Amino acid sequence: MEGIIVRRVIPSDNSCLFNAIGYVMDKDKNKAPELRQVIAAAVASNKEKYNEAFLGKLNEEYCAWILNPDKWGGAIELSILADYYGREIAAYDIQTSRCDLYGQTRNYDERVMLIYDGLHYDALALSPFEGAEEDFDMTIYPVGKDRSIGSIEGLALNLVKDQQRKRSYTDTANFTLRCGVCQIGVIGQKEAVEHAQATGHVNFQEYK
């Protein structure tokens, strides 16, 4: 397979994980409502596995929470979606260049890839050349007997490391944010969460 790995930008609307998955799985950047329903149904159907200790909240609370379009997805949701689609999901973290692979114990024979900057997920695609239309993107890759996707992995890692060199990520432990409601400044994800819980304000902007 020849070409280059490109980052396909997904809108920053609190549903980027779901819409990035929609793009790499179905070439559809508007799958968030449907995929949130899929996740809520999976969690509700297995209360033994998806208990309060696992979810960080009661099963019923989580199901209502994940259906809220303002709530973000993460590892739990990626794991469920890997099983839903029957494909591995590789999520590359720009800051560390680490790859978290979901569904890897299931022996799925295909893989898709996402890239994560600390706050936001975008899709990764194999494009025939720089500037090619998204219609030509390849987003689903066969997994070989060695459980790799061959040269695609190297191309993806090169892109991730290039983004890392450009500091195209957010250090969520130390970034500085300003509340869009009351303009107060906070440092790091922990302080932002505490401020949101105390005030109900959830609109933050990063500033340097």
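Each residue, glycine too, has its Cβ placed from N, Cα and C.
The structure displayed is predicted, hence computed values, not measured ones.
Within the domain 'OTU' (5-127), the DSSP-based counts of helix, strand and coil residues read 50 helix, 28 strand, 45 coil. Sequence annotations record features per position, and here Swiss-Prot assigns domain 'OTU' to 5-127.
Proximity of Asp13 (active site) to non-local residues of its own chain (separation of 6 or more, Cβ distance below 8 Å) is seen for Asn19, Pro69, given in sequence order. Under the heading active site, Swiss-Prot lists Asp13 (among others), citing similarity to another entry as support.
Taken from Swiss-Prot, the feature active site, nucleophile covers Cys16.
Positions annotated as active site by Swiss-Prot, on the basis of similarity to another entry: His120 (among others).
If you look up Swiss-Prot, you'll see His201 (among others) marked as active site. In the three-state DSSP scheme, His201 (active site) falls into the coil class. Taking the Cβ of His201 (active site) as reference, residues of its chain lying under 8 Å away and at least six apart in sequence are, in sequence order, Cys179, Gly180, Val181, Cys182, His195.
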How many whole Å apart are the CA atoms of Cys16 (active site, nucleophile) and His120 (active site)? 6
A 10 Å Cβ contact count, applied to the active-site residues Cys16, His120: which residue has the minimum? His120
